[in-house]
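K.L.:
Pasting a structure below so you can have a look.
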Protein chains: 2
Amino acid sequence: MVVNNKVDSLSYDVEAPPQGAAAAAAAAPPAPPAPARHHAPAAPVTMREGAAVLELHKVSLPERRSTARALRQRLAEVFFPDDPLHQFKNQSSARRLVLALQYFFPIFQWGSAYSPRLLRSDLVAGLTIASLAIPQAHSSFVPPLIYSLLGSSRDLAVGPVSIASLVMGSMLREAVSPDEEPILYLQLAFTSTFFAGVFQASLGFLRLGFIVDFLSKATLTGFMGGAAIIVSLQQLKGLLGIVHFTSHMGFVDVMRSVFKRHDEWEWQTITMGTAFLAILLLTRQISARNPKLFWISAGAPLTSVIISTILSFIWKSHSISVIGILPRGVNPPSANMLTFSGSYVALTIKTGIMTGILSLTEGIAVGRTFASINNYQVDGNKEMMAIGIMNMAGSCASCYVTTGSFSRSAVNYSAGCKTAVSNIVMAAAVLVTLLFLMPLFHYTPNVILSAIIITAVVGLIDVRGAAKLWKVDKLDFLACMAAFLGVLLVSVQMGLAIAVGISLFKILLQVTRPNMVVKGLVPGTQSYRSVVQYREAVRVPSFLIVGVESAIYFANSMYLVERVMRFLRDEEERALKSNQSSIRCVVLDMSAVAAIDTSGLDALSELKKVLEKRNIELVLANPVGSVAERMFNSAVGELFGSERLFFSVAEAVAAGACKAQP
Amino acid sequence: MVVNNKVDSLSYDVEAPPQGAAAAAAAAPPAPPAPARHHAPAAPVTMREGAAVLELHKVSLPERRSTARALRQRLAEVFFPDDPLHQFKNQSSARRLVLALQYFFPIFQWGSAYSPRLLRSDLVAGLTIASLAIPQAHSSFVPPLIYSLLGSSRDLAVGPVSIASLVMGSMLREAVSPDEEPILYLQLAFTSTFFAGVFQASLGFLRLGFIVDFLSKATLTGFMGGAAIIVSLQQLKGLLGIVHFTSHMGFVDVMRSVFKRHDEWEWQTITMGTAFLAILLLTRQISARNPKLFWISAGAPLTSVIISTILSFIWKSHSISVIGILPRGVNPPSANMLTFSGSYVALTIKTGIMTGILSLTEGIAVGRTFASINNYQVDGNKEMMAIGIMNMAGSCASCYVTTGSFSRSAVNYSAGCKTAVSNIVMAAAVLVTLLFLMPLFHYTPNVILSAIIITAVVGLIDVRGAAKLWKVDKLDFLACMAAFLGVLLVSVQMGLAIAVGISLFKILLQVTRPNMVVKGLVPGTQSYRSVVQYREAVRVPSFLIVGVESAIYFANSMYLVERVMRFLRDEEERALKSNQSSIRCVVLDMSAVAAIDTSGLDALSELKKVLEKRNIELVLANPVGSVAERMFNSAVGELFGSERLFFSVAEAVAAGACKAQP
């Protein structure tokens with residue numbers, strides 16, 4: 001039997017010392033000094049209590065680290081959670097060079113193993129996504145080529161996405177009308193794209209990729225739904241053939257404009273648009289019901305364009321507006337259109353950051369989704385750099401903001417793509433179209449493009465997803481609806497800001513009002529669990545065991561003290577009613593307290609003082625490494641001392657029971 | 001032996017089913033349907049594995065609550081964590097009325113038991129704090145009277161505090177100079193005070209008191225230090241006798257102004273000021289060393305004022321500037337000076353909110369500190385209403401923002417106050433001074449007031465507190481220094497904003513990058529603990545046990561998946577090196593996961609899919625009530641099923657071991 005200081009203090013502290021333990025402690029040889037804290041773990045302490053043997057285990061501390069080392073590890077965890085340098089360990093320098101090259105240009109990694117068999121798959125997939133890309137031709141040429149060099153996802157299909165395009169349009173239109181000043185509008189759009197790229201690449205370079213994690217899925221669901229409706233409403237211009245349309249994006253403005261201009265409604269256009277819209281929505285439904293028929297909805301847009309163009313060419317009706325003359329040829333360089341001075345710099349930077357973060361969020365999420373399906377990893381920060389560089393290059397070649405698009409990547413994946421070569425194939429197909437096929441689109445009616453866009457964006461309205469949120473998490477649903485209504489009724493930026501605010505508020509609320517539970521012993525085990533969750537759990541008489549299920553911070557330290565006092569009051573009332581002995585000991589189960597700050601430490605010592613005044617002992621069970629470390633670095637560690645720190649609730653109860661009961 | 005669905009699935013899932021278990025399952029009668037989830041807990045499931053008997057406990061769910069009830073409980077926890085209505089339970093309506101009266105006017109509570117013995121203590125304490133209060137006479141008359149009616153703290157001494165006064169001065173001076181437009185300045189000051197009161201009272205009324213919890217102690221330490229230096233620098237005007245002083249508050253501006261105006265330095269003033277400053281600082285030191293001599297530093301300011309006034313009266317030197325004619329008489333009404341229209345409304349509202357929240361923070365913190373020392377409770381939200389109403393009343397009686405002052409309350413406490421009557425005594429003493437003694441202060445040199453203010457504020461510079469922060473928590477220290485330097489070099493508001501930002505960022509960082517640990521069995525126990533903290537803990541072969549020490553949110557769900565995969569990679573490398581069997585089963589210990597949102601649920605199912613592809617099983621151990629509830633409300637619960645949810649890590653390992661080893 002090992003007896004050390006701990007047992008001594010345990011026996012001497014007791015008001016009515018238990019005969020057995022006191023005798024044992026007295027009979028034992030003088031206790032050796034307790035082993036130094038940061039060395040090998042102490043052997044368990046055994047206490048003989050009558051016939052029962054109680055074995056106490058010491059709370060250990062993690063190995064002592066220097067401040068610099070602790071800081072380095074913490075920073076590494078924040079900025080390099082994926083440990084990208086792991087593969088460079090224990091390699092020759094030549095090998096490291098190859099690995100570095102492969103790291104920055106993943107094409108060298110998979111390129112060496114590329115085979116005709118893979119090419120066949122990628123060819124089919126590339127042509128399939130090209131058919132989706134042709135309406136936004138320019139932006140689907142340069143960026144996919146760059147991405148195929150730098151990107152680490154095999155399934156991502158690159159192109160402009162509706163959210164980012166919408167936000168860019170909405171933000172720029174507030175300052176400049178694309179109809180009145182088309183050149184200036186283009187300049188601002190390309191400059192914003194450039195800033196978006198710079199912002200994205202710097203986020204990746206600075207390893208701040210975790211910022212996109214703050215856009216929760218709930219937020220995005222609401223945001224996309226609102227954005228989809230806003231975009232659809234804009235298409236009413238084309239679908240109804242209205243000439244004088246509002247330049248505002250809000251729901252109210254657009255609806256007012258639509259009904260004020262009902263004299264401009266064009267019935268031929270409406271008939272044609274509605275018919276094609278119905279067909280497109282039908283093909284979507286068919287593909288959704290039977291995923292094997294994905295090619296029906298994939299091919300429908302291009303087919304609609306061709307058929308409607310032929311119809312319009314035959315009719316030559318003047319009441320249906322057509323695209324007209326399109327610039328033929330490959331992307332014109334637009335580096336000269338980037339403007340970094342003048343009164344619009346702030347606007348373009350703001351627009352760039354906004355669209356940059358939105359397109360990143362979609363791109364990274366899509367890349368991760370398909371990577372997890374196919375069981376490979378994408379490096380978020382590296383992807384950001386790839387997307388950023390792709391947008392910087394794109395802004396110099398007449399491209400708007402591009403990213404990995406969810407719908408296109410899904411088509412790419414289901415068409416059987418194997419590598420980023422499918423992006424190259426798509427770019428080549430777009431190139432051919434740009435060079436030779438553009439005149440064919442002269443008679444394409446604008447109403448068809450509106451129908452295609454509506455079909456594409458209504459898919460973003462995820463009613464089922466919102467219903468799931470309502471079922472599972474009401475606050476998530478609130479964030480979702482706030483984003484939805486904010487985008488629809490106020491503005492795109494405001495909607496996003498409100499939703500992010502609610503998401504952050506939710507986190508802070510959870511931190512401010514952490515879960516705290518009263519625990520009891522589950523019969524047949526040594527485990528203490530919440531008496532609310534496990535109704536069979538039994539409270540230990542004269543003990544109050546409180547589990548704290550959150551880090552203890554300045555934001556909740558006051559609440560913690562108040563909540564424990566309230567539990568104490570309730571438990572004492574309960575004990576009084578059922579004639580049980582009153583509470584003698586409060587055990588804080590710290591298992592779930594991942595961290596503690598200085599205010600938290602102060603709260604613990606305050607709680608101890610307050611309880612002491614009422615002759616109630618406060619002990620802590622199972623503090624985790626960082627918390628134990630911090631306690632011993634402050635005066636609180638001494639206040640509690642090792643005799644009030646226990647390995648587990650069970651041991652705390654066992655040791656505490658020794659003291660309270662003679 | 002009880003056999004139910006759970007055992008069935010456990011035995012049938014196995015690739016190479018263990019002979020014993022399979023036989024037992026096959027021989028058993030058809031399994032009865034599993035008991036409904038929300039009813040009485042199931043009897044533990046016993047599995048016979050050869051000779052060993054393995055007892056499995058079911059994960060329970062808390063009682064099912066309706067959405068409305070869950071929401072009500074959640075809101076109650078957020079807004080009424082102190083359960084203020086508890087005392088009204090089971091009382092007659094007459095008694096309730098009395099209790100309500102006592103609740104809103106605590107003076108009825110303690111007033112009925114007031115005795116001459118208490119009055120003697122309060123009289124001494126009240127006169128002591130009055131001696132501190134006379135320099136800011138007007139603001140120390142009406143507010144303390146109101147507080148003594150409404151406040152629930154017995155020790156709080158009410159008056160203007162330096163932080164709030166400083167911020168108000170700094171914010172108003174940016175728009176209006178008090179020297180050039182004194183009336184307008186006063187109007188704005190009183191209006192700001194009124195708004196501060198409205199803001200404080202509404203926070204309390206809306207039970208949003210937890211907002212002040214977001215100003216952490218670290219932030220306040222830095223903020224007060226910076227504010228103290230700023231205030232001291234302002235006193236250089238009086239201390240050096242400079243006439244043309246800058247109206248800016250920043251460190252750089254003030255120092256530039258001081259040295260540019262060195263021709264205005266007044267040597268008589270400087271000598272007198274330095275001498276009294278030295279004496280005042282010395283008395284502070286004496287009282288700090290020996291708390292029983294508190295009256296030396298408490299009495300020093302008034303004594304200095306008296307002595308210096310006499311000296312100045314005798315010398316009648318024109319080079320030392322004196323206070324001059326002071327308005328005699330009780331507070332003039334100032335309700336007519338409140339201006340709610342015009343161009344300054346936004347400024348006064350902003351200033352009101354800022355000073356309101358700052359003075360609240362100090363008042364509440366001081367109230368709670370002394371309440372915990374004397375073992376009674378103050379109700380934060382009610383205190384806010386009391387402080388708010390006191391400021392609204394004060395603004396109509398020529399008072400600036402007032403609150404519970406830390407230094408004065410400390411003096412009040414050490415002078416032996418028992419109830420809020422000490423505030424009434426102070427107000428009475430101030431009244432006498434205002435009515436009859438004001439002319440005595442005609443010859444008081446301004447330099448003495450500067451010396452008193454410097455002495456008061458240097459006590460706010462808490463170097464030891466900052467050093468403690470550095471030792472215990474580097475990020476807290478960073479927040480502290482940011483607040484300090486922000487206030488000193490940029491502006492008061494900016495310093496506060498930066499510090500609050502860092503504090504919030506710290507919380508979010510902890511949420512984004514939660515602690516995750518690999519766990520092993522601590523020898524001699526059934527407990528699994530971090531192998532980094534407990535170096536004696538032993539990994540279980542072919543198991544990876546990961547403890548997640550945070551709620552799982554959208555902000556960390558991606559990180560969670562990546563971190564588990566990285567642990568897996570490391571553990572597999574380790575197993576390869578030491579020739580152990582590779583990982584077959586990942587156990588996520590969910591004990592410390594206090595909450596989960598929809599993104600977190602998705603992350604769990606994604607992790608399960610990814611691991612399944614690698615033929616690794618994912619099981620969850622000990623989910624807490626709300627998490628288990630949410631899992632079963634979503635598709636994730638079905639995905640895991642009850643056979644992959646375990647009561648504890650120990651049982652998960654035991655059951656998993658059955659499956660992996662034939």
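In case you wondered, yes, glycine gets a Cβ from its N, Cα and C as well.
When I checked TrEMBL for this same protein, it listed these features:
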type: DOMAIN; residues: B:533-656; note: domain 'STAS'
type: TRANSMEM; residues: B:184-206; note: transmembrane segment
type: TRANSMEM; residues: B:218-245; note: transmembrane segment
type: TRANSMEM; residues: B:265-282; note: transmembrane segment
type: TRANSMEM; residues: B:294-315; note: transmembrane segment
type: TRANSMEM; residues: B:335-360; note: transmembrane segment
type: TRANSMEM; residues: B:420-441; note: transmembrane segment
type: TRANSMEM; residues: B:447-465; note: transmembrane segment
type: TRANSMEM; residues: B:477-505; note: transmembrane segment
type: TRANSMEM; residues: B:540-561; note: transmembrane segment
K.L.:
Most CB pairs under 8 Å with the transmembrane segment (B:265-282): which of B:218-245, B:294-315, B:420-441, B:477-505?
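P.N.:
Ranked by Cβ pairs under 8 Å, first place goes to B:218-245.
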K.L.:
Counting Cβ pairs under 8 Å to the transmembrane segment (B:447-465), which of B:218-245, B:335-360, B:420-441 comes out on top?
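P.N.:
Answer, by Cβ pair count: B:218-245.
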K.L.:
Hey, which bits of the same chain come close to the transmembrane segment (B:540-561), Cβ under 8 Å, at least six residues off its ends?
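P.N.:
Result: 508, 510-521, 528, 530, 567-568, 571, 575, 580-600, 602-604, 606-607, 610, 649, 653, 656-657, 660.
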K.L.:
What does DSSP give as the helix, strand and coil breakdown of the domain 'STAS' (B:533-656)?
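P.N.:
Counting residues by DSSP class gives 63 helix, 21 strand, 40 coil.
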K.L.:
Hey, does the transmembrane segment (B:184-206) touch the transmembrane segment (B:477-505), meaning at least 3 C-beta pairs closer than 8 angstroms, sequence gap 6 or more?
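P.N.:
The answer is no, given that the two segments have fewer than 3 Cβ pairs within the 8 Å cut-off.
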K.L.:
Mind checking which residues of the chain, 6+ beyond the ends of the transmembrane segment (B:184-206), have their Cβ under 8 Å from one of its Cβ atoms?
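P.N.:
For the transmembrane segment (B:184-206), the far contacts come to 164, 168, 171-172, 175-178, 334, 337-340, 344, 347-349, 351-353, 355-357, 359-360, 380-396, 398-401.
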